[in-house]
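Visitor: Structure incoming, see below.
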Amino acid sequence: MEARGGSSLRRVLVLAFCVAGIWSAYIYQGVLQETLSTKRFGADGKRFEQLAFLNLVQSVVCLIWSYIMIKIWSTGSGGAPWWSYWSPGITNTIGPAMGIEALKYISYPAQVLAKSSKMIPVMFMGCLVYGVSYSVPEYLCTFLVAGGVSTFALLKTSSKTINKLAHPNAPIGYGLCFLNLAFDGFTNATQDSLTARYPKTSAWDIMLGMNLWGTIYNLIYMFGWPHGIGYEAIEFCKQHPEAAWDILLYCLCGAVGQNFIFLTISRFGSLANTTITTTRKFVSIVVSSVLSGNPLSAKQWGCVAMVFSGLSYQIYLKWRKLQKLQKKRKPM
């Protein structure tokens, strides 16, 4: 009994550790992302316009990090070859860049809400392309999320929030977010096919392959010609060292967060990870509203509640489906 109790306590402590790690890494990364997209740096009051540069630095940091982890923890080979990631590497380079660029046009809470509606393009493509049928509760989840995001987009944003944006333009901002989701969908599908083809592929192998190609593509895009944005970003960081420090912290948060996500999935499964990351997004919106000066109206908070009600119900449906599968697998 004591051994079982000690094991349960350890499991709870590890879960609490994972929750604290994911929340602290990604909430702080969100604060830094919002700072870099809205703050005016230095005496000249310049904005950091080269937001896509964050993806290059993030790719380099995660590439180095995953290489070190493979050297420390890898037990053998047999994973997907490095060159097989060239295709998802393209969409994984373009998609996140669009998501970050959206912060020039819409507020951080709006971006988080829009990017939380990943289920919408998945179900849409599933119905139209693959003929997948979904249950009524699944459609209800999608309705809640889609309704919440679209209503939030139509409601008037406070002048205080608009004044902080570089180029306020809601249609462009939301358009970039939904293109980001579309590219992410292709990336995830391709990663799934690679792990199915090469079952010994570890999370670190995927992280290394994706970030290797992400680094290559971003280097070509940003430094492939004399006036690429990479040169402008480096010059900006030289003139404003505090921006360079924020960029480094942003990327380290991403790398640390990935570690906690991999640990959560390996110990508790993808459903636990989805629950933690979904609640993290809600907390990020609260932090942005309270600390970063992005006030939301009562109606906008209603939209936020609507979206996260849909996401929470989706998590419950997944949990219930998992419970049924586990009961079927139990020997009679």
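Glycine is treated like the rest: Cβ placed from N, Cα and C.
Predicted automatically and left uncurated, TrEMBL annotations should be read as such.
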Visitor: Suppose you had to name the range TrEMBL annotates as transmembrane segment; which of 118-136, 137-155 would you pick?
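Guide: In TrEMBL, residues 137-155 carry the label transmembrane segment.
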Visitor: Same chain, outside the transmembrane segment (12-31) by at least 6, Cβ under 8 Å from its Cβ: which residues?
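Guide: Long-range Cβ neighbours of the transmembrane segment (12-31): 108, 112, 249-250, 253-254, 256-257, 259-261, 263-264, 267-268, 272, 276-277, 279-280, 283-284, 287-288, 291-292.
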